[in-house]
Each structure stands twice: as C-alpha cells, then as structure tokens.
Ligand SMILES: *Cc1c(COP(=O)(O)O)cnc(C)c1O
C-alpha cells in the first residue's frame, strides 16, 4: 500500500519536473536543476512526499456567519498578499507604529504600552495573565461562558490562586456582586469578558473599573468578539488591560491580537520579582519589539507575522475610515433587523434583555424538537453557510449567528434568515 502510494507520488513528481522543464523562461531554467536535485535525493528518503500535497489547495468560499473567523474583505486579503519585508526593516517599524495608533483608536486609549501579539486571541489572554500575575497571587475571574473558564485555567496553570465567580451562560454580574467578591478575595487581577461570544452577552462595563481601582486590583477585559461592534472606552472606563483578536469584527485573518496596558498595569508587570513563565510573551521583550520601551534600538526577539500585520493594518484603516461610532451603530441596526427576522420565524432569542445582547454574535435558543447539529449541517451543505452551536457551558443551549464588520449587512441577515428557514423546514423534528 505504502509502496503503491510512493510510486504514484514519484510519478507525479516526474510529471511536475517534465512540466517545469517544458516551461520557457528563467524560472523554468532555475527550476529544472532544483527538481533534479530533488530527484536524486529521493533514494535516500524513507518518508515519501505526501500525495495530498501534489494536489492543488482547496479552500471553498463560505459564508462565515458564526462567531469567527468572519469573512475578510478583498482589500485586507490584498494587503496580506503584498511581498514580505523583514520584520526589523524600517518600513515594518512604520507599519507597526501605524498599527499601534490604530489600536489606540479602536481601544480609545492613549496608553503607550499598546502592541499586537503574534498569535490568536488566546496569545493575548496568556500575555495579560503571565505578565501581570506572579505565582501564588490572587486572581478573580468572572465566568458566564467559556472565556472566563479559559482565563481561570490559564491563571491556574501559571500558579495563581484563582477564585471563580460563576453564572450560567447568559448571566451577568452586578457591580455589587463584583465589589463583594473583590473585597473578599483581594485579587491583584479581575477578569471580565465584554462580549461573551459563547452566550451572546455584552457585559455592562460602567463602574467596574472604579471598583477595581478602589481595591487596588487590575481590571482585565476581553473584547475579542465585541471590539468594533459594541462601544468600549479603555481610558474612560478605567480598564487596565484590554485585548482583542483580528478575525472577528476587525475582519482580518486569524493570527494577530492587539493588547494594551495602562500605567497601573505597567507598574505591576515591570516591578515583579519573578520572570514571566513565557519567554515569547514576556512584555519586557515585546515592549521593545513594538518600540514602546523608550530604547533607541529594537532588538530581535521573535519574527512577527509580517503578512498578518499587513492585513491587520488594512483592517484598522478600514475601521478608521468608517469610524467607530458608525460601526457600532451599524452593528446595532443589523442586529435589530436580525432579531425581528428570527422572531418572525418563531425563534426565541437566548438573551431576553435586548440591551444585554452582543450585537456581533446573536444567540438563539435551540428550537424545540430539533437536533441543533442537523440544522447547522444542513445550512453548511445547502447554503455554504457557517453558523455554530454553543461552546463550553453553552453547548446544547444555543445556535450562534455572527454578522461582524464586513459581514454586518442586512442582505447577509436576509441570507442567514433564509438559510435558517430552509433548515427548519427540511430538518426532521427529532423523535424526542
Ligand atoms: C474568539 C474569542 C476568543 C479567542 O480567540 P482565538 O483567536 O480563537 O484565540 C477569546 N475571547 C472571546 C470573547 C472570543 O470570542
């Protein structure tokens, strides 16, 4: 079996070599000796080239109407396709400086310590916790969906003393509850999710920063799913550490994650006794890489995702041109339009209070008598459309519809509603 596969891939390689040799031009001339070298080395390899890689890449066009990633506008895709430059070239520093200004705008902050993680939203979560907390210190985590659960685990893994305040998905915490818990556990860090995408809840933020300040605790807020879709004001709301991700309402490809620390957070993280557990996420190095530490030279720490930064810069440019307020308004309007359509289909919104709904990710209760996986599979198969089920504690409770940034249009809401109506009509009601 293995031999048959091997000889087939060898044959394909020969065909590729023949095709390359048949090509005219300097590239072909350079390509032919390379392929010959490859051919000669074939005898010494015991693991053959995988036949799957001799087929062209297939990435279908899909409507990404789940909680992320969302579709990426052509302008951002084009930016990502620009030729690579070095991560330490002056042009790259300028691009990184532009990105920093863009992140300060979308976070509504003047914090100098504003950078982008080379990694997904989780990289920012870990960076925030690893740098501001030392082993044995108390951390308080608000859990009303999966994101609090994740942060609690991250903090536990690095040796923090973690206290959880827990509500069922869709629940939220009053300022009184938060203050009581902060008084009781005296945490150095309190974590709250602004846009709880696993439940579709947008958590009220007013006053939380003041409570944390009063009790000498840092406030860490996750806006991966909400940034650009719902208002957040890092400085005005006294948020000490804020992060987001590239692939939700910002409509960039996954893989980069903006994060900002204010002076209180810098005080704590740059006056620690122990080094953070992660070298890659150590803010002493990252602040230099992003030109935030006042040093004249940036020293090599790691190679940032150059193309990812091109794409992120373009997505920040789009949001800057459009304006944050216009973007918030649009998300609210399209979400309201979607709510009406869902109710017309007889579906029940999972978050009853309209003001607490997350405009970027709408959750509906699973319609009675239906198997949610069947509905989602039907829409994927017949409409090339992604919606998703719950995540973590909300699994089996909700279906999630994301219309974020570029996807946030009434025409897309109509398409989502049409696909849902079709699925409801054609998916058999389960026997139960
Ligand atoms: C998607 C999401 C994350 C995680 O982001 P990744 O890029 O998948 O690591 C974190 N928090 C919230 C609220 C999210 O919606």
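Placement of Cβ uses the backbone N, Cα and C atoms for every residue, glycine included.
What you are looking at is a predicted structure, and each value in this text was computed from that prediction instead of being measured.
Annotated in TrEMBL:
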DOMAIN    63-409  domain 'Aminotransferase class V'
MOD_RES   248  N6-(pyridoxal phosphate)lysine
BINDING   400  substrate binding site
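Here the Cα atom of the residue listed as 'N6-(pyridoxal phosphate)lysine' is found 14 Å from that of residue 400 (substrate binding site). For residue 400 (substrate binding site), the count of additional Cβ atoms within 10 Å of its Cβ stands at 26 [all protein chains shown]. Other Cβ atoms within 10 Å of the Cβ of the residue listed as 'N6-(pyridoxal phosphate)lysine' number 28 in total over all chains.
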